[in-house]
Amino acid sequence: MQPQLLLLLLLPLNFPVILTRELLCGGSPEPCANGGTCLRLSRGQGICQCAPGFLGETCQFPDPCRDTQLCKNGGSCQALLPTPPSSRSPTSPLTPHFSCTCPSGFTGDRCQTHLEELCPPSFCSNGGHCYVQASGRPQCSCEPGWTGEQCQLRDFCSANPCANGGVCLATYPQIQCRCPPGFEGHTCERDINECFLEPGPCPQGTSCHNTLGSYQCLCPVGQEGPQCKLRKGACPPGSCLNGGTCQLVPEGHSTFHLCLCPPGFTGLDCEMNPDDCVRHQCQNGATCLDGLDTYTCLCPKTWKGWDCSEDIDECEARGPPRCRNGGTCQNTAGSFHCVCVSGWGGAGCEENLDDCAAATCAPGSTCIDRVGSFSCLCPPGRTGLLCHLEDMCLSQPCHVNAQCSTNPLTGSTLCICQPGYSGSTCHQDLDECQMAQQGPSPCEHGGSCINTPGSFNCLCLPGYTGSRCEADHNECLSQPCHPGSTCLDLLATFHCLCPPGLEGRLCEVEVNECTSNPCLNQAACHDLLNGFQCLCLPGFTGARCEKDMDECSSTPCANGGRCRDQPGAFYCECLPGFEGPHCEKEVDECLSDPCPVGASCLDLPGAFFCLCRPGFTGQLCEVPLCTPNMCQPGQQCQGQEHRAPCLCPDGSPGCVPAEDNCPCHHGHCQRSLCVCDEGWTGPECETELGGCISTPCAHGGTCHPQPSGYNCTCPAGYMGLTCSEEVTACHSGPCLNGGSCSIRPEGYSCTCLPSHTGRHCQTAVDHCVSASCLNGGTCVNKPGTFFCLCATGFQGLHCEEKTNPSCADSPCRNKATCQDTPRGARCLCSPGYTGSSCQTLIDLCARKPCPHTARCLQSGPSFQCLCLQGWTGALCDFPLSCQKAAMSQGIEISGLCQNGGLCIDTGSSYFCRCPPGFQGKLCQDNVNPCEPNPCHHGSTCVPQPSGYVCQCAPGYEGQNCSKVLDACQSQPCHNHGTCTSRPGGFHCACPPGFVGLRCEGDVDECLDRPCHPSGTAACHSLANAFYCQCLPGHTGQRCEVEMDLCQSQPCSNGGSCEITTGPPPGFTCHCPKGFEGPTCSHKALSCGIHHCHNGGLCLPSPKPGSPPLCACLSGFGGPDCLTPPAPPGCGPPSPCLHNGTCTETPGLGNPGFQCTCPPDSPGPRCQRPGASGCEGRGGDGTCDAGCSGPGGDWDGGDCSLGVPDPWKGCPPHSQCWLLFRDGRCHPQCDSEECLFDGYDCEIPLTCIPAYDQYCRDHFHNGHCEKGCNNAECGWDGGDCRPEGEDSEGRPSLALLVVLRPPALDQQLLALARVLSLTLRVGLWVRKDSEGRNMVFPYPGTRAKEELSGARDSSSWERQAPPTQPLGKETESLGAGFVVVMGVDLSRCGPEHPASRCPWDSGLLLRFLAAMAAVGALEPLLPGPLLAAHPQAGTRPSANQLPWPILCSPVVGVLLLALGALLVLQLIRRRRREHGALWLPPGFIRRPQTQQAPHRRRPPLGEDNIGLKALKPEAEVDEDGVAMCSGPEEGEAEETASASRCQLWPLNSGCGELPQAAMLTPPQECESEVLDVDTCGPDGVTPLMSAVFCGGVQSTTGASPQRLGLGNLEPWEPLLDRGACPQAHTVGTGETPLHLAARFSRPTAARRLLEAGANPNQPDRAGRTPLHTAVAADAREVCQLLLASRQTTVDARTEDGTTPLMLAARLAVEDLVEELIAARADVGARDKRGKTALHWAAAVNNARAARSLLQAGADKDAQDSREQTPLFLAAREGAVEVAQLLLELGAARGLRDQAGLAPGDVARQRSHWDLLTLLEGAGPTTQEARAHARTTPGGGAAPRCRTLSAGARPRGGGACLQARTWSVDLGARGGKVYARCRSRSGSCGGPTTRGRRFSAGSRGRRGARASQDDWPRDWVALEACGSACSAPIPPPSLTPSPERGSPQVAWGLPVHQEIPLNSVVRNLN
C-alpha cells in the first residue's frame, strides 16, 4: 500500500480531521489555521489535521474541552461543533460548545451538584426515598402509609378505604371520601336511590328504576332517550314552544326528534318554565322572584347582595350619626345598636340619665348632675364625696405648708406633710442632716449639710452645684471659648478645644498663615481662618499662583496667526497681510501705491493686484504689451486691456490685417483678441476668477480659483470649505461603533451604545459573562444582547424549559422525515444519518464497501471509492473490460454476468445488460419494486411477487399511503379536550387542569403551591382540582382563613378564651381555680390535661394534692416524658448490674457494650444466675433479687409473675434472658420461643405526636377511632373490634395489681393502654353481663374462703377499698385488685407475618412475665403487678389464681410496719406556742411545719383511720409566690363553693364583724405556728386583706386596740411576722402593692416598699402597681412609686400600654405632668403603634396633649394604621386637641392605610366643625371649645378629674366624678342579683357598678333569663354587704381606642353600666 494512503487511514484514529470538498492544500494562505497541517488527498482535495486544542473544518475553533476543570467531579467533556440554522446570518458569530457526561451521583451542566446536596438523608421522613426531578427539585417517594411533600404525614388513604371510585382525602383525625355521583356514605359504600329524590330525576309520566350508581327512566311507548325526551317521527311544525329548536336524532333504523329548549324552559315541548325559586339561596327573609333560568332575591332594607347575605352597615351609612352624644355605633346582623358612654341611655344614646335622681348627698348639700355621675356641692363645714363628713380642716390644725383633708373613712383630720416635716399635724421639722449620720449624706460629692426648717442646704465643694451637690458645675455654660471652638467641662475648670487656625487658652488668637510668604510670582497674600488666599497677577493661577496660565489655549490669534506663550502674557506671529495684537487687522498693501501711474491697485488678503491700464501687463504693470517688431509692416500695435493686437490703420494701402485665429480657452477670438466668458480672464481666457474675488477663505486661508469655484488652503487649526471650522478633538472621529463624541475641557469623551464599552467604544460588551445558559446551552454574544443555543430537548431564553418536541418544532435534521407519535416526534432519517434527530453521520467507510483494496473516501452522507489500477465502477468492483474481468475471476466471459446477462465493453470498462426482472452490476439481484420507494409519508414498502404493498405510518392510508387519515374521528382526547388532526397523528388542546397527549393526565395543582403555607398541613391533588388539608385553627379553600376558635366558646367551667397567634394559631383557655385542661373541662390535679409526651401514660399521683405523674415509654424520661432516650451503649444508666464496669464497643449501628463483672455476677450483664441459700425461698411470694435468674427458676416465679421460666423452649446456649429488651437486636433471640428478643429487632412503634394525645383521651371510650386503631396507638382499647366479640370465649388475662381507689378508673385505662402498647395487642377491661367493669377487690387473707368456688361471680360486689393499703409501696395507699382484661389476638400469629406479637394467651403471659423478670414492667404501670393468669371466663376462681403473694406472712409484716409508721408519725408531730394574730374572716388557719419547702403528706390510711382530712398547702409558682390550691379532686362542688367563695353582706362594714371573727379563729392545734400567708378566697392573703381594709374605724366601737393591734396598722404585725409582700391573687395576679395602689393606700404602699415589695411586679394583664395607681388616680401612691429608684416608669402591659399612655387616656392630667417630670418616654408606642399623644387626641384630652407636645412628642407620629394624632382627633370629634395640633403645624395631608386624610374622616363622621377647622377657616380655640360642648358628635365634653375613695380634689373644685366599678348583675325572681364585689364606705373600697336587669329581661345571648341561668354564687343585690373579706373585684381595663373615650372598670367587663348613685340607693 502506498504510504500516503496508509497515512490517510491512520489519521482519523488519532487527530480531529475534517474533510471538505473545497479545501485545497498548497494555496496561499494555507487553509488550516492555528498550526493545523493540510494533508492532501487524491484529486486535489485536502483535509486539516488540527493541533491539540483546536477543531473545525480549518482548525478555526478553540477546543472548549481543553480546560480540564470544565466538567467537575470526574465528568467527561465532549466538544460540539456549531451547526447554524439555515435562517441564521452568515456573519453571526458561532463558537463550539461542550457537553458534560456526569458520573453516578452528580448532576448539573458541569456535574457540579452532588445529588446528596439536593436530597440530604433527612429530607424524606418515615423511610421515604428522595430523588431529583428533571427540573432539579427534590421529590420524595413515600412508603405506603405516608404522604406529604416530605412524607411527614400519615396517609390514611393508603389502604384505599373509599369504595365505588370514591376519592380519599386525608383529614385529621380520620379520612374523608369524596364520592362520585350516585354514591354516598363515609366510604361511598351506599348507592343513592335517585328515584327517591324530590323532585325525581325522570319526567312526569315515566317510571324511575334505580341502578348501581345511577338510574334509568322507563319511557312510555313512542319515547326514547335517558330522559324520555326523544319522540318517534319527524319534527311536526310548531312542536317546540318558547323558542325551542327541534332536532332529528337517528336511532338505529328509526328517526326520533327532541326539543332543545332555551335557558329557562323545560318539558318535552319546552312548555314549562321551572320555578327556580324552589332551591333558592335567598337569606335573611328575602323574597325570591322567579325568572328565566334564574331568580332574583328581593332583599329587606337591612341586607344586600345577590343572595341578601351581605349586611348593610347602618353605622357607615350617610346621614346623621345613628348614635348621639359620643355613643359608639356597632353594626349587627340586620340591625345595629349603640354603646352609650356613661351618663347617656336610650336606643340612640339620646337620653341623658339623671344621676341626681338617686343621689345620696347629705342634707343641705346640692347635687349636681354630671354625665355618667354626680357630685355633691357641700355647704360650709361639710366635706366628703356625699358631704356626709364634718370638715375637720376649718380649724387649720395642720402646718401652714401641709395639706389638710378630712379622712373620708374615719372623718378625722388627715395632714399630708410637705417634705421635711413630720408628725400628725406636720409641725415637727425633720433634721435631714442628723438622719444622714445613720446613712448616706443627702449632700453628694463631699458637700456639707446644713439643716433648715422643712429642708436642708448643701455647701458644695468647688466644681459642684445643685441642691444636693449632685451636679458637676458646667463652666462651659458661660461659653468662655472663642466661637467655633469646643468647650470641654472639667472638674472645677474647663478646657477649650481649638479648631485649626486658632490658638490660645480661649482659642482667641488667630494664626496668620501669610507670615511664611506662601504666594509666588509676586502675588498678594490674604490671611484667612486656618488658611490663606493668594491674589494672583494676570497670567498666573493656582492656589499659590505657581502656575503660568497658557494664554494660547484660548487661541487668541486670528487669521492663522501663531500664538507664542510667555510668562504672564502672549504674542501673535501674524501671517503676511495681517497685523495687530491678535492679527485681527488686514494689511492694505495698496496704501503704498505699488502700482504705476494709470494702474489701479486691488487689495487682496496678504497681497495686492494691479489692474493695468491698456497696453501694460505684469505684477506691477511694468511690461508693455506692444513690443518692437511685433506687427507686420504697415500694421500698428494697439495696446488694449490684457492684449495688444496689430491693426491696419484706416486708409493704409497695402496693409494686410491679422487673422482672427487667436487661441481663447474660455472665450472667442475677435479681431485677434480673446473675448473671455464671464468668470474667466487672461490673454487666452485661461484663468478662472471664480469666488476668489470675494475672498471667501477665512482665518488666513489661501484661495485657489478652480473651474467650478475655488479651493481654500487652510492654516493649522482650521478646516472646512472656507476654513471657518475650528479643528477639535472630535473631528478625527475617535469614538467607534456608533459612539457619540463630546468636547470636554480636558479633550473629549465618548458616550457608547449599550453594546460597546471602553474609552473609544472599542470593546464589545460580552453579555455572556453575566448570562447563564442552562442545561448545556451555549451562550452567543450579540451587539447589545445575547442568545442561548439550547441543547436538544430544551428551549427558552436560558434553555430552562424542557421541550417535548413535535414535528411542528422541526426537530429532525439532515432532510429527515418527521412523524408525530404519542411519545413525541420521531425522525425517519435519510440514508447516511442516524440518531434521535438524525444528527449523527454514519461512518459509511467503516463497513468497507470498496473491494479490491480500493480506498474509501466519505463525503457527507455518501462515500466514494478510489479504485486501484485495473478496476473501475462506483465500488471499484468492475475490471476495465469483460475479458480482463473474466480472466481475473477464472471464469468464462459468458459467466461474468449472472442470470443470463450479457457483458458489453464500453470504453475502458464494461457493464452487464440484464434480462428483464434482474438488476445489479452483475445482474445478481432481482428487481425490487420498492426502489425507488413508492410509499409516501415515511411508510414501509414490502416487496411482493406481483408488486409491492405499502405499510402506512399512523395517520395515513391509501395504496401509496398518500391519504391523510382524520385521527380525530375516534375522539382520542379525554376530559373534554379539543382534537386537531395533524399529519401522522392528532393534537389535543387540553382544558385547564389536564395535560398529556390525550389530556388524560390530571395536572398536579399542588406543584404551584396553591395552599396558604402557614395554615396547610398537606396539599392533595384531585381531578382538575386540589384539596388543602388545613392545620388546626385554619379553614378556607386554601387554608388562608384563621378561625376564631373562641367564637364557639370552647372553654368550659367559666374559663376565658384567648386567641393565640401560632403557628399554628389556636386558642388558650384561662381556667378558673380548680379546673385545667385545654378547655378547662378537667378538674385540677387530674390526668385530663397533663400531657405525657412520646407515648407516655398519665397516672394519678400517689400523693393526694400532688400533680399527676407520667409513665414514659420507649426509653423517654422526665416529668413529661420529654427527656430523650439514653444513647445506646453504656448509658447512663449503666446496663451492667451489681457494680459491673461497662465498656462501649463499636457496632454496625448504635454502639454496643461489654460488661466487666465481679466474680459473684458472671452473667453478660453481671446477673447472678443462681445463688447459694436460695433453697426454699422460691415461691414464698417475695422476689429475692439474688435468686432471680434461670438458675433459681426466677425465684420460683416470685420475680416473674408466677411463671417459673418465661424463656422455656428458648435454647439455653443463646442466653436470650440476658439480652431481653437491652435495646439491641440479637437475631438468635428473634423467635417465638425466645419472645421475639423483646421486640428489640423491630422498629420502635410510636404513636404520631399529633394523634397521641387524642388517642389517649379517646382510649376505650366505646367509639371506634380508626386513626388510633393500630399497634403504635394501642388498638384504641378494643373499640374497633366487631360487635359481640366480647364474649365468654374470648381470651382474657386476669391481673393482680395494686391500684389507688381515688383514681381507679383513670388507672385502669392507663393500665390497659400501657399493656396494649407494650405487648402490641388490644387490651381492655372486660365488662360483665350487667355492663360493669370486671374489677374485684382482692380479699387478701380471705383468699382460701372467698376463692374456693363457693361464691360465683354474681355474688361479688364492688366493695370499698380495703382498710389497709396493699402493695409494695406504703406511700401509694393502694389496694389489691383483680382486673380481668379482654385480649384481641386476631392480628397476631403466622397468618399475620407483618405483626409480630403474641398470638395465644400462654405466649402473652410469658412475654409479660419476662418483662417483669428483667424489671422492665414495673416502671410502666400505675401500680405493682403482682401476678397474672390467662382466663376465659368472667370471674377467676380460687384455684385459678396463682398468687399467694398477699396471703404470705410477708404481707402481715408489711402491714404491721405500716401501722407502726402511722403511730410514729402522729407521735413525732411537734407543737409550738404562738401569739394572737389578726386574720380576716374566711381565712382557714393551717399549721406551718418545719418542712416548708416540701409538701406535707396526709396521714397514711386517713380514709380508714377516720382522721380529718388536711387541706393541701399553697403551691408555689415559678416566681416563688404562694398560690392557693383548689378543692380536692372528688370534692363536691357545693362544698367547694361554700368554703372557697363565701359571700358577705354588703351592708356591714369591717368593724361590724363579730369580735370573734376579727380575732384569730380557733385552730385544730393551738400550739402550732401560724402560717401568715394562708390563702383565703381567690388566693387573698391576710396581708392583702389588711391593705384592702387598712385604716378602718369601726362604727360599733371596735377600735384597733380592741382588735389587739394597738396603734399599729393591720399590716404591720403581718409584715413583722414575715408575711410575703410578693404574693398575688389567683384570678388577677395582683400583689399587696397593687391593692395599695388600687385603693389609694399610700401608707401601706410606703410600708410595702420598705418591706421589699417589687414595684415592677406585673399582674395577669401585665399591669404594674404604677399602672394601677394611674388608673385609680392615686396620686400619693404614684409619687411614692416614682420616687423609688426601682420603679420602671415605662413599664408596659401585655398590649404595650405605659403608665403615661394610661394617664393620657384616662384624662388624669396631673399625673401626666408628674410622669413627664419623671422622664417617662413621651415617644413610646404600644403594640398598635400609638403614642400617648394618640390617646390624648382620641379622648380630647387637650391639657395632656399640650404637656406631651411641650415635652417633645411627635405631633405627626403615625401608628400601625398610619393614623396621626390629628387623624384620631378628627375621627373622634376632639376639637380642642385638633385646634392645638393645627396651631403647632400638624400635617393635615397625611393619610392612613385606607387613603383617608383627617378631613376625609371628619366628613365621614359628620364633624362639620372639625372639617371647617381642617379646611383652614376654623373658629378660634374658645369657639371650638364652646361648639364642642353643645354640638352632638362634635367631640367629648371636658372631663372632670376622677377620684378614688380616700382622695380629695386638689384645688377645692367641686367637679368630681365617682369612680365606677363593674359588678355582674342579673335578674331573677324580680330582684337584682350581683356577684358581690365591694363598695366604698368604711372599708374604703370602690362603689360597685354594673348591669341591671329587671325580672324576665333578656340575658347576654338574648334568651330569657331564668334562675338556672345565674351562677350559684350570685345573691340578691340588697343582700350584699361590704365585708372586707369578700373577694376583691378583679380589675379590667376596657379602653375603646377606636370610638369614644375609654372606660375603667374593675371586674368583669359588661355591656351596660349603672352609675354609683343607683347602687348606693339600692344599698340604702
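Cβ atoms here come from the backbone N, Cα and C positions, even for glycine.
What Swiss-Prot lists as disulfide bond is CYS102-CYS111 (among others). Look at CYS111 (disulfide bond): DSSP puts it in coil.
The disulfide bond feature in Swiss-Prot is assigned to CYS299-CYS308 (among others); the stated evidence is similarity to another entry. Neighbour density for CYS308 (disulfide bond): within 10 A of its CB lie 22 other CB atoms from the protein chains shown.
Sequence annotations record features per position, and here Swiss-Prot assigns domain 'EGF-like 8' to 311-350.
The disulfide bond feature in Swiss-Prot is assigned to CYS340-CYS349 (among others); the stated evidence is similarity to another entry. When secondary structure is read from DSSP and collapsed to three states, CYS340 (disulfide bond) falls in the coil class. Packing around CYS340 (disulfide bond) is summarised by its Cβ count: 25 other Cβ atoms lie within 10 angstroms of its Cβ, all protein chains included.
For CYS433-CYS449 (among others), the entry in Swiss-Prot reads disulfide bond, with the evidence type similarity to another entry. A 10 Å cutoff on Cβ-Cβ distances gives CYS449 (disulfide bond) a total of 20 other Cβ atoms nearby, all chains included.
The disulfide bond annotation in Swiss-Prot covers CYS481-CYS496 (among others) and rests on similarity to another entry. In sequence order, CYS487, PHE494, CYS496, LEU497, CYS498, LEU506, CYS507 constitute the residues six or more apart from CYS481 (disulfide bond) in its chain with CB-CB distances below 8 Å.
Residues or ranges marked as disulfide bond in Swiss-Prot: CYS552-CYS563 (among others). Residues near CYS563 (disulfide bond) in space but far in sequence (CB under 8 A, at least 6 apart, same chain), listed by position: GLU551, CYS552, THR555, PRO556, CYS557, PHE570, TYR571, CYS572, GLU573.
Here Swiss-Prot flags CYS676-CYS685 (among others) as disulfide bond, drawing on similarity to another entry. Neighbour density for CYS685 (disulfide bond): within 10 A of its CB lie 21 other CB atoms from the protein chains shown. Mapped onto three states, the DSSP output places CYS685 (disulfide bond) in coil.
The disulfide bond annotation in Swiss-Prot covers CYS752-CYS761 (among others). If you take the C-beta of CYS752 (disulfide bond) and look for same-chain residues 6 or more apart in sequence within under 8 angstroms, you find CYS735, ASN737, GLY739, GLY758, CYS761.
Annotation comment: Swiss-Prot describes CYS773-CYS788 (among others) as disulfide bond.
Under the three-state DSSP scheme, CYS827 (disulfide bond) falls in the strand class. The annotation disulfide bond is assigned in Swiss-Prot to CYS812-CYS827 (among others) on the grounds of similarity to another entry.
Listed in sequence order, the residues of the same chain lying 6 or more apart from CYS903 (disulfide bond) and placing their CB within less than 8 Å of its CB are CYS882, ALA885, ALA886, ILE893, SER894, LEU896, CYS897, TYR910, PHE911, CYS912. The feature disulfide bond is assigned by Swiss-Prot to CYS882-CYS903 (among others), with similarity to another entry given as support.
The Cβ neighbour count for CYS897 (disulfide bond), using a 10 Å radius and every protein chain shown, is 26. Positions annotated as disulfide bond by Swiss-Prot, on the basis of similarity to another entry: CYS897-CYS912 (among others).
The domain 'EGF-like 28' annotation in Swiss-Prot covers 1083-1122 and rests on sequence analysis. Mean pLDDT, taken over the domain 'EGF-like 28' (1083-1122), works out to 63 on the 0 to 100 scale.
The repeat 'LNR 1' annotation in Swiss-Prot covers 1166-1209.
For CYS761 (disulfide bond), other Cβ atoms within 10 Å of its Cβ number 21.
If you take the Cα of CYS349 (disulfide bond) and the Cα of CYS299 (disulfide bond), they are about 29 angstrom apart, rounded to a whole number.
With a 10 A radius on its CB, CYS912 (disulfide bond) counts 22 other CB atoms from all the protein chains. Counting every protein chain shown, the number of other Cβ atoms lying within 10 Å of the Cβ of CYS773 (disulfide bond) is 24.
Every protein chain considered, the tally of other Cβ atoms within 10 Å of the Cβ of CYS111 (disulfide bond) stands at 21. CYS912 (disulfide bond) falls within a strand when secondary structure is assigned with DSSP. Take the CB of CYS433 (disulfide bond) and look out to 10 A: across all protein chains shown you find 18 other CB atoms. Most other Cβ atoms within 10 A: among the disulfide-bonded residues CYS496, CYS676, that distinction falls to CYS676. Here the CA atom of CYS340 (disulfide bond) lies 30 Å from the CA atom of CYS299 (disulfide bond).
In the three-state DSSP scheme, CYS449 (disulfide bond) is classed as strand. There are 20 other Cβ atoms within 10 Å of the Cβ belonging to CYS102 (disulfide bond). With respect to CYS773 (disulfide bond), the closest of these disulfide-bonded residues in Cα terms is CYS111, chosen from CYS102, CYS111, CYS340, CYS685.
Between the CA atoms of CYS433 (disulfide bond) and CYS340 (disulfide bond) there is a gap of 57 Å. The Cβ of CYS827 (disulfide bond) has PRO811, CYS812, ARG813, ALA816, THR817, CYS818, GLN819, GLY835, SER836, SER837, CYS838 as same-chain neighbours under 8 Å, each 6 or more residues away in sequence. Ranking the disulfide-bonded residues CYS102, CYS111, CYS340, CYS685 by Cα distance from CYS788 (disulfide bond) puts CYS111 first.
In the three-state DSSP assignment, the secondary structure recorded for CYS676 (disulfide bond) is strand.
Ranking the disulfide-bonded residues CYS102, CYS340, CYS449 by the distance of their Cα atoms from the Cα of CYS308 (disulfide bond) places CYS340 first. The shortest Cα-Cα distance between CYS676 (disulfide bond) and any of the disulfide-bonded residues CYS102, CYS111, CYS340, CYS449 is the one to CYS111.
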